[in-house]
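Read through the structure below, which is laid out as structure tokens, and then see the notes.
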Amino acid sequence: MAGRSGDSDDQLLLAVRLIKILYQSNPYPKPNGSRQARRNRRRRWRARQNQIDSISERIPSSCLGRPAEPVPLQLPPIERLRLDCSEDCGNSGTQGVGDPQISGEPCMVLGAGTKE
């Protein structure tokens, strides 16, 4: 966790440990008993799991003082994204990384799509 102070690393590890303990404290119910008993156990398990989910969402903001989710990444409109057929697709290098290929004409990758 480069670039951060050790104190926030300790707080992050503490938050992760707390969330892990919460989820481990609610194991999935055993598959024994009548159908109704199994259904009731699963229903109660789901209710506890929902409570754990809501608590674990609040832990990072209270322990670390920041929201749990990162800032959303702004993506270009999907209409402007396409696969570039002119590039060598077999190359595993860094060609085209970070440079979206935008063109006015569509690329024929799959063909016309008509059945014969």
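Glycine residues also receive a Cβ, built from the backbone N, Cα and C atoms like all the rest.
As written in Swiss-Prot, here are the features:
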MOD_RES   SER5  phosphoserine
MOD_RES   SER8  phosphoserine
REGION    26-50  region 'Disordered'
MOTIF     34-50  motif 'Nuclear localization signal and RNA-binding (RRE)'
COMPBIAS  36-47  compositional bias 'Basic residues'
REGION    91-116  region 'Disordered'
MOD_RES   SER92  phosphoserine
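Neighbours of SER8 (phosphoserine), defined as other CB atoms within 10 A of its CB across all chains, total 14. Helix first, then strand, then coil: DSSP counts for the compositional bias 'Basic residues' (36-47) stand at 12 helix, 0 strand, 0 coil.
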